[in-house]
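J.: Okay, so Swiss-Prot annotates it like this:
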type    : residues : note
BINDING : 138-193  : ATP binding site
BINDING : 262, 275 : Mg(2+) 1 binding site
BINDING : 275, 277 : Mg(2+) 2 binding site
DOMAIN  : 108-308  : domain 'ATP-grasp'
């Protein structure tokens, strides 16, 4: 284990649930995080901000929080700002990194300006003429395309579009979830990877091979036929290079401590970064525990390591 006296952490809230589209995932993550912290002797308690006012954290003597909320106010900087106000230390990125990390549109703008490779894309606003925009976008980017709300996680409302005719309906559906919709050129030929970031841990890349078209919500949290390849199949030099770029992609957004950076490789082996996740899932299907397990770090040790970053 970490060798840290559990009493140093004081009373810890595991933030879970919330009211985003990812509530059920967060509840699952939070329950496991809670058990992992308790297994290490830490005084940890569940706290669902959808059911209790945040002021109760201060009133009840919590001194730090493990943020297992996903999406919405749990990941967009709002919870982080409130915790800063109450003087409660918390896991993960601060206000700026959280806000940028959840916003795929502004993430891509920052990456374009800082030399992080990311797929070509267009944006569509809720209420636009979807048929007209679809025609313009296909002319610029071709097909296949990925359509996704700018600020949802866990692949909520993400659709792979293979024909121009299917694009208007996909735009309309995604716009129900966010006023900004990202339409991204699909990067084909080299596979999907994730880089898990956790303080100074050197975690391996994971190659993700879903049984279906792409790594959607079902593949992430329900299916048992998604393959997670560790080692990922890249040579050591390439893996080290892509981990370095992933860390920079994380850092230029102001993200800190821990999270994930997801990317695709094209047929020539060039990386294209898709998004970061500043509050990654911690369910039994989730990627950070898998990466940690591959280098001999158990679940409880991982969550204690993440929480220990709040002691600095």
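Sequential numbering from 1, following the chain as shown.
Cβ from N, Cα, C; glycine included.
A quick note: this is a predicted structure, and the numbers were derived from the prediction, not measured.
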J.: Report the nearest neighbour of residue 277 (Mg(2+) 2 binding site) in space among the binding-site residues 138, 159, 180, 262, comparing Cα positions.
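T.: Sorting the binding-site residues by distance from residue 277 (Mg(2+) 2 binding site), the top entry is 262.
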J.: Using a 10 Å radius around each Cβ and counting other Cβ atoms from all shown chains, which of the binding-site residues 138, 145, 180, 187 yields the largest count?
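T.: Of 138, 145, 180, 187, the one with the most crowded Cβ is 145.
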J.: How would DSSP class residue 138 (ATP binding site) in three states?
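T.: For residue 138 (ATP binding site) - judged by DSSP and reduced to three states - the answer is helix.
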J.: Rounded to an integer, what is the Cα-Cα distance in Å between residue 187 (ATP binding site) and residue 262 (Mg(2+) 1 binding site)?
T.: 13
J.: State the Cα to Cα distance, in Å, between residue 262 (Mg(2+) 1 binding site) and residue 145 (ATP binding site), rounded to an integer.
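T.: Between the Cα atoms of residue 262 (Mg(2+) 1 binding site) and residue 145 (ATP binding site), the distance comes to 17 Å.
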J.: By the count of other Cβ atoms within 10 Å, pick out the sparsest of the binding-site residues 159, 173, 262, 275.
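T.: Comparing Cβ neighbour counts within 10 Å for the binding-site residues 159, 173, 262, 275 gives 173.
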J.: Determine, to the nearest whole angstrom, how far the Cα atom of residue 180 (ATP binding site) is from the Cα atom of residue 275 (Mg(2+) 1 binding site).
T.: 16
